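First comes the structure, then the notes that go with it.
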Amino acid sequence: MRKSLIAVAAAGLTLSLAACSGGTTPGATSSPSGDVSSPAASAPAGSGTVTIWVDETRVETFNTIGEGFTAATGVTLDVVQKPTGDIKTDFIAQAPTGEGPDLIVGAHDWVGDLQANGVIAPVELGDKVSGFNELAIQGFTYDGQLFGVPYAIENIALVRNNGMVSDTPATFDELIAQGKAVEGAQFPIVIQQGDAGDAYHLYPIQTSFGAPVFKTDASGAYTAELGMGGPEGLAFANYLKKLADEKVVSVSLGGDQAKQAFIDQKTPYMITGPWNIADFEAAGIDVSVLAVPSAGGQPSAPFLGVQGVYLSSQSENALVANQFLDYMASKEAQDKLYELGGRTPALTESADAVDDPILAGFAEAGKEGQPMPALPEMGAVWTFWGSAQVSIITGAAAPEAAWTEMIANIESKF
Amino acid sequence: MSSTSTETPRRVSHARDFTRPGFYVKLVLMMLVNAFGLYGIMASFGQEKWALLAFLAVTLVVVDFVYFSKRAIPAKYLLPGLIFLILFQVYVMANTAYVAFTNYGDGHNDAKGPAITQIMKTADRRVEGTSTFPVTVLDRNGEIAFAIVEDGEPRIGDAETPLESAGNAVVDGERVVEVPGADVLNLGQIQQRQKEVLDLRVSMTDDPNDGWLRTDNATMAFVAKSLLTYDAQADTFTNQDGKVFHADGERGLFVAEDGSTLTPGWKVVVGFENFQRMFTDSRLSGPFMSSLVWTFAFAILSVLTTFALGLILAVVFNDPRVKGRTFYRAMFILPYAFPGFLAALVWRGLLNRDFGFINQVLLGGVDVNWLGDGNLAKLSIILVNLWLGFPYMFLVTTGALQSIPGELTEAAVVDGAGPLRRFFSITLPLLLVSVAPLLISSFAFNFNNFSLIFMLTGGGPNYPGTPAPIGETDILISMVYAIAFEGGNKQYGLAAAMSITIFFVVGLVSWLGFRQTRKLEEIM
């Protein structure tokens, strides 16, 4: 008897599971709520819910933004937390099934991938576009069209431990010499790499040799032509070998190890982004943020990363979601996002109001910067780029040979 | 355990006897099952998911028949398991097999219909240099209409009629606030009819080249035009320069004469192309073969080393002369108690060349490149897997050793056999009878031991120059992952084809292995 009871219960469970997989239940959160008369929605005339996926670091921020949005429009923002690495992949997989969210928060360089898969909808901000930082808008623009509302810009820079050194020379070679002379320093400077390489953190040095990843056209947008081939790229490859010999970069020095070395005061300098500053300050280190000194003679230009909100092309609730995007473009929302997230706002008006020496330092360092390219092929470019740099750093391949092979590999992807 | 299968016909099942609680329990459970089932059927009807609907309907009928029928006793026990089998095994495998024959992946993410909609949607763009207008959404006799103020003059239009001036409308600043004969919709009403509002295109004039007015958020409207026109009959897109993009059903893309394409494409069945690529693309087939060899080496060595160590320890600690056996046994099981992926991550840190505990402390500051050198990385993987895997082998062999009757060994002693002879002629063969199937399953597990490889080395050190980040320690399954997900764009079709191939390899090896173990059983 007992067994058949379990059997029946299991059958029931099976069916209910199958029923769950059968799609959103009628009247679930993502549908435009027909039953308007909830007493809380008395202030503005609107109601309903939009769902947004955010990563763990931004849940609180967007909960607060959601409150502001509800106060302004009466629409509830349903903030769903997803692991950082899963947002893009899950969104691409789920949007076509109609199970995805209305909006996602992410980096601008997803735009190529998301558009190639047809899961995001263009966003029309109208005249409000002119209020934004041009580079932020350029980051979210793909194929001539805007695909998201940017809210923050970030880039890496040279972070200095003021307790160990107080002035910074103008060239990278001098900086290494200075760092070596510092008492108690194990490394003159750390630049995180790890097993797979990290072209992003080496990019300011690479660009100082005049070898950007892609050439840019007159408007500053990337062309499909590689810029890092040629003698400039090879010069950087040779310089990278020199950095490896000087122990500035090493495969065993990943992000965690580099950060720890800086916190332990084993190095006076680190090339890193604003995300680590809070931990440095918590460790009692007095830091300054500066532009990365040039290694190859030209100004160093880090990649700019722009954070923003994308709209799903499959949203059943596109109008309300667009109203949220409209709200995101307001000074009120951008100010609040700065307060909670501590990144330079993408809206010029809000950015101008920011008064913080650390952020000013990052902004100064990113002055020459370009948004990270967003082409769908970029994933492959990063992979080849990183592994070529790893072969150079470990000495597995001669610098020029590794670099030339990388260029050939990347070109085969286009 | 009452059942109707007994010979005496008078005994009635509890579930059929009105006076017993069993009947009511069954009734309630079956009501729940039917309620959920019917709900699922209705929900899938609403979503127009016909395959799911058919599956649910058939399942529900079968379930009702089985549990209300007096016969079909075995089915009452088997059915739940069967349903789970279909849902979680058969369906998953069939779906993987199907995907292996498609080009599903980045750029081919959805069906053709949504791809066309998306192309049209992204082609419908604001005309550069035109102004935006604060828009008022109206309901005119049930039809949605837009009202804007252009050059100080209110203008209204809807799907049929282009914008025309409406002198009688009341304007407040930049916005129309009241229109006689039409209702101004408030935010809540707009939200309820958002699809109509979003889909509405109001022509600016009678000339289609002037574009149309549309809105995304019902507060601001802009002038837009489409860069592409879709001809449903010819199944082509034409751009403004007259370039025609034809639908290519074999590639799942709209392609023009000059080879340029429109994004996104759609999923199509591509036949054996994925399987072909796996063996003919030299950039893939080279690493594929070396990964295949390493996968076998890894799986076989893992089984042998863990079994050898586990067996030695089990034999040693099976001897009653060893003191503190319980304590040691408990200690040996510890590595088994850690989650494997966590242990692999910890080992990755321990084996770090410059900062790791092993180089720095245990070996006194030597510079051994454990994970960065191909052969050392392979050795590290085998050693870490030995650490992770021997407790399991220790456990099962200890159990099996204790079940070998002591008389056999005693008889051998009487016959004058030495300890080695006794071990190899009696203990080991008897042990293998019960342990061999476990060794085969251990082989199959290690053949696909993705988490260890992924967490410990990530497959590295990478081969220079392959089109995906494939490395010397990549086994087949981690190579599939690298190709499908880490090479920049996701290629589910290719990954599925490779998974199917691996499935056949593992299946074949296991089948051969189990055939061999039957011979061992003859010893008994």
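For all residues, glycine too, the Cβ spot is worked out from N, Cα and C.
Among the features that TrEMBL reports, domain 'ABC transmembrane type-1' is placed at B:292-513.
Long-range contacts of the transmembrane segment (B:21-44) within the same chain, counting only residues at least 6 positions beyond its ends with a Cβ under 8 Å from a Cβ of the stretch, are 13-15, 50, 52-53, 56-57, 59-60, 63-64, 67-68. TrEMBL lists B:21-44 (among others) with the feature transmembrane segment.
Residues annotated as transmembrane segment in TrEMBL: B:50-68 (among others).
Positions annotated as transmembrane segment by TrEMBL: B:77-101 (among others). Below 8 angstroms of C-beta separation, residues 59, 62-63, 66, 269-272, 274-275, 492-493, 496-497, 499-500, 503 of the same chain, each at least six residues beyond the ends of the transmembrane segment (B:77-101), sit close to that stretch.
Here TrEMBL flags B:292-315 (among others) as transmembrane segment. Same-chain neighbours of the transmembrane segment (B:292-315): 332, 378, 381-382, 385-386, 389-398, 401, 423, 427, 431, 435, 439, 442-443, 446-447, 449, 472-476, 505, counting only residues six or more beyond its ends whose CB sits under 8 Å from a CB of the stretch.
Taken from TrEMBL, the feature transmembrane segment applies to B:327-347 (among others).
Here the transmembrane segment (B:379-402) has long-range neighbours at 298, 301-302, 305-307, 309-311, 313-315, 317-318, 329, 332-336, 338, 340, 343-344, 347, 351, 370-371, 427, 430-431, 434-435, 438, 442, 446, 449, 452-453, 456-457, 473, meaning same-chain residues at least 6 beyond its ends whose C-beta is under 8 angstroms from one of its own. According to TrEMBL, the feature transmembrane segment maps to B:379-402 (among others).
Positions annotated as transmembrane segment by TrEMBL: B:423-445 (among others).
Residues or ranges marked as transmembrane segment in TrEMBL: B:492-514 (among others). Listed as Cβ neighbours of the transmembrane segment (B:492-514) (distance under 8 Å, sequence separation of 6 or more from its ends, same chain) are residues 93, 96-97, 99-105, 270, 274-275, 277-278, 292, 436-437, 439-441, 443-444, 447-448, 476-477, 479-481, 483-485.
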